[in-house]
Amino acid sequence: MSRHFDRGSFRAVSDVHQLMSFPDFSASDAHVQWQRFNNLLWHHNDLGIWLDISRMHINAEDFERLGPRFDQAFKAMQALEQGAIANTDEQRMVGHYWLRQPQLAPDQEVCDHIAKEIDLIETFGSNVINGLIKAPNGKKFTDVLWIGIGGSGLGPLLMIRALQNAEQGLRFHFFDNVDPDGMSRVLGNLGDALSTTLVVTVSKSGATPEPHLGMEQARQRLEAMGGHWAGQAVAVTMLNSQLDQLAQKESWLKRFDMFDWVGGRTSITSAVGLLPAALIGCDIRAFLAGAAQMDEATRVSDLHSNPASLMAAAWFVAGDGLGRRDMVVLPYRDRLEVFSRYLQQLVMESLGKRLDRDGNVVHQGLAVYGNKGSTDQHAYVQQLRDGVDNFFATFIEVLEDVENIPAINNEHPGDFLDGFLQGTRAALSQGGRQSLTISMRRFDPRRLGALVALFERAVGLYGELVNINAYHQPGVESGKKAAAAILNLQSRVEDLLADGVERSAGEIHQVIGDGSEEAIFWIMRHLTANKRGYVAEGDWGIPTSLRFSKG
């Protein structure tokens, strides 16, 4: 019996009997490998994307065992898309799927809001590139300084590195950290071009410290040059946030909306990812269309015919449902070099949870790392092949090569890249090491949208399999609170030492009655290293010998 699933251009054909009786993985039997490849291969003809999980050690019994779990997972994802409170800890809907198909939103107001934002972003990007919107000095904008942390930085960085071509659109620079040296280098590289630079600050709440600090540094440098901040400043934030109110008060050049129901790590199809794409002349409609097509393909409620469920099942079995294997991401295309970092946040922030939904301590997670092939073959692939077997590889390939790099002496660089990928995949399999492969006929905005959407859905399904909330981040919030406590402690230490009296870390702790001696040592080590008038007497190798004062 055959099943045919038609979802627009999507067509998957599978023989149920064959699927349920495919042979187990064999490292040495090429015929068995070929059978598994045929039985487990998924293909989307219109997108030109293949998913091959045949080199993962999943078997027919695993599919049978996971069937009921996936039935529940598919229902949960359907409810999520219909507007259920999927993030129960924060009592929020999870609506990133609506961003590429606004008609799926639970009400017309949300649908219209999404569609309007896409139009505004597209028009703004075009007008900036074409010079209809100019810098305050009357010149065309030449650069963008993008200020954002986490998903507000990684998503835009992926869009730029993956999709920008030489001399296309504006040049991009990033403040994605609060490292003073990093900020100094970016501002130094911009130089006088800061006067023709759009400064985009991204913060959902409008109160995140890192973007605020970066924004103030950019503002100070621009105003010191005699620039006009408001005429170059753009905000991407929620309506009525602190940042939104500031932008309105100061009449910034433009404001774009973020939505309460979209988390940072799934915000790439919102203004967070679309605005940078528009500013390099990228077809944002194609990017959204690719994501929407993959969403359709991953709504199929059949484990064997849904690429996201195939991938989630392979992850689950590889790590015994406990994340016992790392995911090593190996994209064989320089444009996707940032993709492993993007997946680190998407996967690890979503799945790395201490508690399940029932309050049980589970310590779930799936570690992700990687760079790009074939570079990695000359780095850590040695350990993957011969070292500890605690991972599975995710190969990503693009079949179509660019035309302006010709064959020289009948040697095509793309042939070597393909050979290196196949060779590494084969070498890992021969060693009994697991891998899956995603292949794309070509790479463009549409395929990037599809690739992102595939992993988003796989993460959502995996979260359902292990019964965790994949849409909150209590560990991140704990880190923010701890950082705020340290900054508060530093302020109190500085207030105490303002009297000029020399004190040890222990004495400071005794007077303040908060923090710890170790935290105070760290604070004072930093302060004394930065010429703020603090001195230390004693041996830095013996912390208890040190006495601190304000000179």
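Every residue gets a Cβ built from N, Cα and C, even glycine.
Since this is a predicted model, take the numbers as computed values, not measurements.
Taken from Swiss-Prot, the feature active site, proton donor covers Glu349. Among the features that Swiss-Prot reports, active site is placed at His378, Lys480.
Structure coloured by features recorded in Swiss-Prot.
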residue: Glu349; record: active site, proton donor; Cβ within 10 Å: 22
residue: His378; record: active site; Cβ within 10 Å: 10
residue: Lys480; record: active site; Cβ within 10 Å: 14
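DSSP assigns Lys480 (active site) to a helix. Under the DSSP three-state reduction, Glu349 (active site, proton donor) is assigned to helix.
Cα to Cα, His378 (active site) and the residue listed as 'active site, proton donor' are separated by 29 Å. A separation of roughly 14 Å, to the nearest angstrom, links the Cα atoms of Glu349 (active site, proton donor) and Lys480 (active site).
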